[in-house]
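Asks: Quick one: the structure is below, and I'll ask about it shortly.
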Amino acid sequence: MVLRSGICGLSPHRIFPSLLVVVALVGLLPVLRSHGLQLSPTASTIRSSEPPRERSIGDVTTAPPEVTPESRPVNHSVTDHGMKPRKAFPVLGIDYTHVRTPFEISLWILLACLMKIGFHVIPTISSIVPESCLLIVVGLLVGGLIKGVGETPPFLQSDVFFLFLLPPIILDAGYFLPLRQFTENLGTILIFAVVGTLWNAFFLGGLMYAVCLVGGEQINNIGLLDNLLFGSIISAVDPVAVLAVFEEIHINELLHILVFGESLLNDAVTVVLYHLFEEFANYEHVGIVDIFLGFLSFFVVALGGVLVGVVYGVIAAFTSRFTSHIRVIEPLFVFLYSYMAYLSAELFHLSGIMALIASGVVMRPYVEANISHKSHTTIKYFLKMWSSVSETLIFIFLGVSTVAGSHHWNWTFVISTLLFCLIARVLGVLGLTWFINKFRIVKLTPKDQFIIAYGGLRGAIAFSLGYLLDKKHFPMCDLFLTAIITVIFFTVFVQGMTIRPLVDLLAVKKKQETKRSINEEIHTQFLDHLLTGIEDICGHYGHHHWKDKLNRFNKKYVKKCLIAGERSKEPQLIAFYHKMEMKQAIELVESGGMGKIPSAVSTVSMQNIHPKSLPSERILPALSKDKEEEIRKILRNNLQKTRQRLRSYNRHTLVADPYEEAWNQMLLRRQKARQLEQKINNYLTVPAHKLDSPTMSRARIGSDPLAYEPKEDLPVITIDPASPQSPESVDLVNEELKGKVLGLSRDPAKVAEEDEDDDGGIMMRSKETSSPGTDDVFTPAPSDSPSSQRIQRCLSDPGPHPEPGEGEPFFPKGQ
């Protein structure tokens, strides 16, 4: 009841974050009495400089202290006769110095995690204010509290930031980088990252040098190289800040990859410019050779970092081939090789960020094909957790370091820096987008340009680079650091808090949270192959052509070396299908929909009953050459012959439409069949004279109807109405009987004469030639009997039109 009603009328949702903050601050009490994260001397130094201390219970791994007569414990319960006094056995001891550093680090991480939980418990705050802003505020409060009790707050050391906090964030971004969107927009990203960063650095440095000349006595002594160095530090977009803000607003994939890709790839430009101007500041005179070497160092730093990352990525992929028997250590290789790539690049002053991105992109497809799904899940969640904790610590220590650092405020310099940063960003984006849209198919709209310009956030990288400046060579480094912190706070707080309402106000397209299906993958690969073929036909080799070449090389050579077993020969579509099936199975398990699947106990029992045997590969029987040739011959003779296909496109060898050609062939076959059927019918009927068309027959009958009028009654042909065109429906028996009945009513002599004629059969007479200009007309002979005349008339005129007195015309079957 107390939990439901709350305490003093307050809901538990409001009490819980407050309790988290109180617990975190109470846990930081030992830190308030210490010197923050400043590493203390080693244990051996502490023990040698301090007086001998009491050995605690937990101190079991260190060597025992030297025992001296003065340090031996005294036992007051023993008499002085023959025995020395000693102290009582210590039951409990406190030794904070021994666990100081790991204890404080754990407390800071615990504070960061509790703050993240507290922010997401209160949805009203997290929906308005970005998480990075809240973490900076927490850092400011903790730093002010530490300073308020008279202690020195911990400061974010540059080595700690670059060697321990930044690599997890970059590795997480590089390993799970959306490679398709990144490669399709690589040209645009490189222009923004290289040309845009150079423009911001030189534009801001030149204008700040002009401000220093007219700004007053405090900033008159800042030279051109110092301002250019300051411009190179403050001009780069920070990937940590961009990730923290853009992940919350769920912007569409195009804008996200453009801004985030720029923040990743501008590291090479920032590193080169920083070291270049730092070295030039110590020179009395800078020549053309120095400028050329500085320009050359950009390619060395960028390409060298990529090369280092590729080498370590290939080594990691090759190592994962042999981890099938030791699945536990599979995720460790990914972390170690990636971190070694970063450290190796930093060792030679190359771009460590480029090395991390290259190693993650190269190793991922081959490592995922070799490792188990559990290892893949471990890598995914560990990287997400590690990067999230590092990002939280960076923003907290950014606030703490703001309180702890020494600052030098100058209104003219700070306000001019903030104003010129915004102007340089807007002008750079507008100018570069105008040039880029000339070559892009999908143009960047004014809304997209506004989001790209507004999303240029600065963060802890600029702060750490500013902190690295040596005060001996750069006396105004405190002023630089103050201006950098001001720009960071403005971009994170003002731009970070207002970018979400602006995205909603401008109705910018957001990211669609849809699951990728196998149908989408099939259509994507189909379109890729189609565009590759179109590029080959047109003779224009774009990125689809080179992507297809790279995929063929990867499938033919690289996969065989870096992927173990039969997975190297598995098509990409089948691999994607297996991946989708595994993902759906995991989602089914997590959702609790496993009612119909056997439990773990039944599965284990079935495995015990039926022991697992090694999978045996199906071996097809080998065919002899004679048998194979016989099969080919049978197929060639019985299968339909396929049409010949042209191997290449040529305007002189265009083929007809296959559908039109097939239709024409079908019409020709039908016409030939009709002609053959007509020939067969004509052969069977054997007409006595030339056949007339129905039109000529009607005209002839109409001109002389008496010549064709029957002089006696004709026999009636009975036709089955169910099948009027069937010759089987004619009743020849009834027809003969009807003829005999009709003959009884006439003269017996005539009937006998007709019977004799009928017995004589039908005589085929040759037709006399008619005179020119007259038609061939059938004229019955006077000596012919009526039945003979009827049969001859039917044979000579098989037309469809009936004679007078007849019923429906008779059509033979098939006509």
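Glycine residues also receive a Cβ, built from the backbone N, Cα and C atoms like all the rest.
The topological domain 'Cytoplasmic' annotation in Swiss-Prot covers 122-130, 177-186, 323-328, 439-444, 506-815. Taken from Swiss-Prot, the feature site 'Not glycosylated' applies to ASN370. What Swiss-Prot lists as region 'Interaction with TESC' is 503-545, 633-815. Annotation source Swiss-Prot lists region 'PI(4,5)P2-binding region' at 509-516, 552-560. The region 'Confers pH-dependent PI(4,5)P2 binding' annotation in Swiss-Prot covers 540-545 and is backed by experimental evidence. Swiss-Prot lists SER599, SER648, SER693, SER697, SER703, SER723, SER726, SER785, SER787, SER796 (among others) with the feature phosphoserine. For THR603, THR779, the entry in Swiss-Prot reads phosphothreonine.
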Asks: As a quick check of your reading of DSSP, tell me how many residues in the region 'Interaction with TESC' (503-545) are helical, how many are strand and how many are coil.
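Replies: Grouping H, G, I as helix and E, B as strand yields 28 helix, 1 strand, 14 coil.
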Asks: Tell me the Cβ neighbour count for ASN370 (site 'Not glycosylated'), meaning other Cβ atoms within 10 Å of its Cβ, over all protein chains shown.
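Replies: Here the count is 22.
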Asks: Determine, from DSSP, whether ASN370 (site 'Not glycosylated') sits in helix, strand or coil.
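Replies: Once the DSSP labels are grouped into three classes, ASN370 (site 'Not glycosylated') ends up as helix.
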Asks: Could you tell me how many residues in the topological domain 'Cytoplasmic' (177-186) are helical, how many are strand and how many are coil under DSSP?
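Replies: Counting residues per DSSP class in the topological domain 'Cytoplasmic' (177-186), I get 7 helix, 0 strand, 3 coil.
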Asks: For the topological domain 'Cytoplasmic' (177-186), give me same-chain residues lying six or more residues beyond its boundaries with a C-beta closer than 8 angstroms to one of its C-beta atoms, as numbers and ranges.
Replies: 253-254, 257-258, 261, 357, 360-361, 543, 547
